[in-house]
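Here's the structure we're looking at; comments come further down.
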């Protein structure tokens, strides 16, 4: 009830005013905290001189972001520009060979970056999974694939295999884990699709062309083999109307996001402050809540920028890659929470949906979520903090289903039926607000630290109760209502579009 119900414009305007004021107030507290703490001894390592002409220091706590857009910026631009150039030439001269060009260029880039022995290592894993796929046994393919993934995540095999990389450089570990991890997932996808469609007779060459597509190789996103193969095999691909304009818009948006993050880090030290718990404890409750929220927003922006740049190149190659993840601000249910849509689609297709079916029964859903998060734990690298993150999010996903089952239970369903649709929407938004902060807390554990998460939880839920707790929940409630209004508008537009198509 209440999903497509509109609320009064005045009420929505009030929600917008409250949310804007709360964000501005929390932002002001974070800005003051960043200014006051810039000279602290604990900040020296991660707050360093930035843009001299604005006279401010910059938060450089995220070394990956700094490396991408400083020392490795030219390498990334050169590699992707070369890919686009050669892809365009090949598409014009011999479009039937473009998939081979992608693979050859990707192989050369991997050899130039990581060395020939690393390439041979990955080829060994590819060939092994290809041979197993010939058996036509999905369980055997998945078992060997997970064993291969474990070899890149657990000692002593990981230490032995990392020795295949030639040379040493700042992003070596990141590229090693990214390239090897995504290679295994792509090989598993190939093997399972081969088992599902034996009549198509995929070859080892198809696997290599799929795996060594450079834009996706190191950082994803991952496309399942069936989608990639169907799209890259088109002899004469045709762009939809307006596609080039959307590609340009995506490229511009990614550039704007990069500059915006750079500017933001000159004024808000959101990654450094949590590392100094003594100083973070001095923050007012509103600033602390904003700090926790902004950490998740930054991680989403980071993923959106990375996938935005890669997807721009992929779309130039006539591919339809996975979309960037849904913004954390628009999330209030665990079922839609993910920071990598490609990994999410892969897990849903081969594990979650396969075991959980319609996701309506409690026991199959529990088995599906446990299996999904077990594989996710292996993908992230087993350790105590990943175990905790997986358990919390697995519980959150199942708890949502339990609440949904309880909501349609006789007495509760009768109570909701007695409410107006607008009131039903308001009641559901209250639960959505609480769920939003559960999502924030459960993911803050892995994105920041357990100690910082514990401090935020104590301040907002225990020491701040009831004033801070209710204030934060009310502000979040306003945000959830605005998100619901946006979803309602999009749903109505989609219905109108479908009705128009039926009439035509």
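Every residue number used here counts from 1 along the chain in the order it is shown.
The backbone N, Cα and C atoms fix where each Cβ goes, and this holds for glycine too.
What TrEMBL lists as transmembrane segment is 12-31 (among others).
Distant neighbours of the transmembrane segment (75-94): 68, 101-102, 105-106, 109, 214-215, 237, 309, 313, 316-318; these residues of the same chain sit at least 6 beyond its ends, with a Cβ under 8 Å from one of its Cβ atoms. What TrEMBL records for 75-94 (among others) is transmembrane segment.
The annotation transmembrane segment is assigned in TrEMBL to 100-120 (among others).
Sequence-distant contacts of the transmembrane segment (212-230) (same chain, six or more residues past either end, CB-CB distance under 8 Å): 79-80, 83, 102-103, 105-107, 109-110, 175, 178-179, 182-183, 185-186, 189-190, 193, 197, 202, 206, 306-307, 310-311, 313-314, 317, 319-322, 340-343, 345-346, 349. Residues annotated as transmembrane segment in TrEMBL: 212-230 (among others).
The annotation transmembrane segment is assigned in TrEMBL to 251-271 (among others).
Within the chain carrying the transmembrane segment (291-314), a Cβ under 8 angstroms from the stretch's Cβ atoms is held by residues 26, 30, 62, 64-65, 68, 80, 83-84, 215-216, 219-221, 247, 250-251, 253-254, 257-258, 261, 268, 270-271, 273-274, 280, 283, 321-325, 327-329, 339-342, 440-441, 443-444, 447-448, 453, 456, all 6 or more beyond its ends. Residues or ranges marked as transmembrane segment by TrEMBL: 291-314 (among others).
Among the features that TrEMBL reports, transmembrane segment is placed at 427-445 (among others).
Cβ atoms under 8 Å from those of the transmembrane segment (465-483) belong to residues 7, 12, 14-16, 18-19, 22, 285-286, 289, 329-330, 332, 425-426, 429-430, 432-434, 436-437, 459 of the same chain, restricted to positions at least 6 beyond its ends. The feature transmembrane segment is assigned by TrEMBL to 465-483 (among others).
Same-chain residues lying 6+ beyond the ends of the transmembrane segment (251-271) with a Cβ under 8 Å from its Cβ atoms: 27, 30-31, 33-34, 37-38, 43, 46-47, 50-51, 54, 56-62, 65, 69, 291, 294-295, 298, 301-302, 304-305, 308-309, 312.
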